[in-house]
Each structure stands twice: as structure tokens, then as C-alpha cells.
Amino acid sequence: METVAAAFFFAAVVLSAVGGSPVTLTLERAFPSNDGVELSELRARDSLRHRRMLQSTNYVVDFPVKGTFDPSQVGLYYTKVKLGTPPREFYVQIDTGSDVLWVSCGSCNGCPQTSGLQIQLNYFDPRSSSTSSLISCSDRRCRSGVQTSDASCSSQNNQCTYTFQYGDGSGTSGYYVSDLMHFAGIFEGTLTTNSSASVVFGCSILQTGDLTKSERAVDGIFGFGQQGMSVISQLSLQGIAPRVFSHCLKGDNSGGGVLVLGEIVEPNIVYSPLVQSQPHYNLNLQSISVNGQIVPIAPAVFATSNNRGTIVDSGTTLAYLAEEAYNPFVNAITALVPQSVRSVLSRGNQCYLITTSSNVDIFPQVSLNFAGGASLVLRPQDYLMQQNYIGEGSVWCIGFQRIPGQSITILGDLVLKDKIFVYDLAGQRIGWANYDCEYHLHYTEGT
């Protein structure tokens, strides 16, 4: 019986990958604002992602990214990978919440034939690649995948396979192959072309649910998780990818942003240690402050255990608070808004009507306080979302949501934007600093 891996879409990862050491990075895109997009729609998209949540080198890999954050438009970010010999191009959705790269293969049942993204869909055929080989159950990479539910094995044909079921009921299944991935890299500031590495990826022969629809169809999904089957882990083991990556996501209408396989250098970055032995990027959130006052929430609410804890997740659109923390957090903000602000409920969300003569700066500052003394300072626009205009005012709603019955806190793009985030996996810590992502950045490959 095949193991079903609980995975989910990360449709709003905001990326523009660049490489080099050291080099000046120009931010090209992050997400546009989501004025007028219903919070319920964003919550529905995020719910698909919440079913589950790199060895130092001197080599950096560049994956250019397309797509938009806006769920009313494309609603996903994707990149192009080149696989096989001769190389063929595949557009794959970027997903930091799953581990496996998979693409549609020939004779796939349910794979879309066309895409509303105005891209040419492609199919991988192992038989047409001179460097392709199947992965057997005895392969160590398959055995590693079985341990993390990223792979399963059939005793009938000794072939390493997979089945992923997504939160909206869609899914995919197929088998694993090994072949060359081709990429452009920057080695100590010099562009190296025609580089390649052998990686294991999935060959999808069945797709169901939303994956069969053409509106936002791509060729597959590129998982950026930490487990052994992820391409980033495979490249790291081969000395191609560093064990640190960073992003800076621009939050205004013009977009822009950057993701690098390396460390963005900024003197004001503060760090908090990663919680050990977790498959996600978990941090130890200790308390929340509103205008400097600690919100009365029991610290145990944020403790990491099974289905509990705080995850930093650039693939989630909004932000989510453990249910026990949600009402105290919202009440603390509401208690400090000026009398000129009218408090309203909209579809179950706490919202505020402010006049056109005011702006969100009249709302209090929020601090998320983590282990190690690092605080993530949130401006009002980092926890509020503008929904619409009404007469002489505008409606802003709390962007933090709650997941009923769950004690999980997820920090998505709402709070990650306009900041540098450094995922230092070698040092087992995550760092951040407020930053105008319009400006140029520098990075190193890490240590």
C-alpha cells in the first residue's frame, strides 16, 4: 500500500532568484497589494498549505521566477527548470512546504494540455533522455524518502513511487527518476554556464482535482523543503547549494523581491534559533507585545509539539495565530485604536473603518518576541489588510487569522514582507531585519 504524503500548495511564494559572491542584487519583484481580495478567499488558499508544513559551498544557483502573488490574478509563483539530455524546459510551481520536485510525464492521466498562464506545457519522457534512469526501492535516496513519507515502494516491480494528496482534494502520483538538472550558477562572481547535476525527481502519471484544470496549470511542483528528497538537499550534498538562503519581499503595489541561495548581509539582522528536529522552519515564539505591553497569553500556547508551534512560512499569504492567542491579540489592538476609528465585523473578521484623513499609522505597533531576545516588529500594515473603500473611509481588517481547534501559529507573507529573512541552516537559526526591499542587497555564500 502506497504511503500518502500530506502536502500542500504554497501558491504565494514571492521570489526572484539571483546568485554570486559578493554581488549587488537588484530587487525585481515581490507581491502587489491585495486590496479588495476577500480574506475568506486568502484563507481558503492558505488552508491548502497547512497540511504539512542546506553544507556550506562556494557555488550559488539561480532560478528566475515568474507569476504573481495576487490571488485574483495568477495566484502562484513558478520557475523554469531544465531536465534531461537533451535538456527540456518545465514550468514548476514553487512550494516551500513540500520536498519533492515532480513534473508531468508522457501518458499522464488528467494532466492539463494547455495553461491560462500563457506558457507552453511540456511532458518529461525518460525514454527520450540519454541520462535518465529509474530509481529502485533499494536506492538509498528512495529509502530516505520512505522514512519521510515522500516515497513508497511496490514489491511487484521494485520501483520507487510517490502519492501526494493536497488539501483541496487534488493529488498526483507517479514514480521517481534520476536525471540531469541544468542551471546557470555564479562561482565567486563569475557566471558559469552549462552547469548540471544529477537529481532525483518525480514523474507524474496521474493528476486529480484542481491539478487537472488549465486556468493556472504548470508542468509540476518544485518542493523546497528540508528533507532528503528535496532538490535543495540533493544539491547541498553535492556541494552545489549552500546551507543558507535568504529573501527580501517587497510589499507595495509595484512588487519586487529576491531569493538567494546564500546569505544577505545586513548589520541590523537579529537571530533566533530554529527548534530542533522539526520538518518546518519552527521558531520559539515566547510572547506578543502591543505598544510595548505583553498580551496576556500563556507561553504554553506557543510551545512546539505535535501540530503546535510557530512556523516561518513564506508560502502562506496571511498569518495565523494559535486559537487560544487570537482573541487576546485582537482585543489588545482594538483597545488601543483611536475613538475616531469605527470597529466593525466583516464575515467574521475584525475590521476597522477609518476616515480618508487618517491612515493605518494610527494603529499600535506589534512585536513578536522570540527565544534569544529577537523581536519581529510589525507595523500596522504588517498585520492589517485593506479590503475596500466605503464612502469617505476605508476598511482595514486584521490579517492574522485563526485555525479553529488548532494551536499552530504561521507567519506568512503578511508579516515577512519588507524585511530581510535569512535561513541559516548551518547555524540552525533564522534572522531578520526591517528593510526597504527596493534597495540593492549584498550577500555571501555562507560558511
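For all residues, glycine too, the Cβ spot is worked out from N, Cα and C.
Taken from TrEMBL, the feature active site covers D95, D313. Look at TrEMBL and you will find 77-433 tagged as domain 'Peptidase A1'. Taken from TrEMBL, the feature signal peptide applies to 1-20.
A separation of roughly 10 Å, to the nearest angstrom, links the Cα atoms of D313 (active site) and D95 (active site). Counting Cβ atoms from all protein chains shown, D95 (active site) has 27 others lying within 10 Å of its own Cβ. Packing around D313 (active site) is summarised by its Cβ count: 25 other Cβ atoms lie within 10 angstroms of its Cβ, all protein chains included.
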